[in-house]
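Okay, structure first, notes after.
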Amino acid sequence: MSKSFTPSRSLLSSFSRSLKHDKPTQQCLRLRNINASCLHTPKSFSTSSARTYKTVEEARSRYKSGPFSYRAGLLFLTSGAGLIFYFRYEKARMERLRVAEATKGVGRPKVGGPFELVDQEGRRFTDEDMRGRYSLVYFGFSHCPDICPEELDKMAVMIDLVNGEGGTANSESSRDGKEKEKQRKLLPLFITCDPARDTPAVLKEYLKEFHAGIVGLTGTWEQVKDVCKKYRVYFSTPEGVKQGQDYLVDHSIYFYLMDPEGDFVEAIGRQHSPEQAAKIIEGHVGDWKGK
């Protein structure tokens, strides 16, 4: 119970003269105003109005959650994940550019160069036919018992992953088929290291077992030797082999990725799975489109 206000004697005496001339009603009003001024509550320093809530549950949830809501936390996590993904992508892209530029550096052996061969259809094929898109070059021979078939199976998967479709390039003889072939992102090439046995007809029959999009290339002994030398490919055939006798050819096992200008980009080895190799190729293709 609040304590009532009682005016002091000194306060009453100071107004005694004025009260004598006032009417009773005026005297009551004057005393009430004095009482109210003495009990006046100080004003708040805040000029903003207090926040109102429609329900008690709304007020409780506000003070329980604090200044950070679930929506704000989700936005923070999403933004952080996006930044992490962006920086990882940029790091991988810069690494690919570093590898591509390093292969063109001064003092490094040049991989690739001008050559002239024939494809499995007997048509002339040169390094100029590789321009305008990425090429994946593999060196092998059709009589290889195990390694070449494994690598060509791997190459077939890479082609489908990068080009996004099954290989039908060599089965399309119309003009529309040739135009579609030019639009594919990756040109796969199989260059034989055994021109004595790998004729155009042999390569055509051999490569159709793996992927119709692979272009097989062969030529004379000197032509094949020249292109192998330019691509830094090691290959060796046994000496003194008689005609009709079976033999094996020892050779390097790499996929050579060449850019649309005919420059060497990267060598993809057996340690890469088809999915990993396709990802590497797609990364370089994407970087080239961004130039």
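Every residue gets a Cβ built from N, Cα and C, even glycine.
TrEMBL does not curate its annotations; it predicts them automatically.
According to TrEMBL, the feature Cu cation binding site maps to CYS144, CYS148, HIS251. Positions annotated as disulfide bond by TrEMBL: CYS144-CYS148. As annotated by TrEMBL, transmembrane segment applies to 68-89.
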Residue among binding-site residues CYS144, CYS148 with least C-beta crowding, 10 angstrom cut-off: CYS144
Sorted by sequence, non-CYS144, CYS148, HIS251 residues with Cβ within 8 Å of centre, Cu cation: PHE139, GLY140, PHE141, ILE147, GLU151, CYS193, VAL249, ILE253
CB within-chain contacts under 8 A for HIS251 (Cu cation binding site), separation at least 6: PHE139, GLY140, PHE141, CYS193, VAL233, TYR234, PHE235, SER236
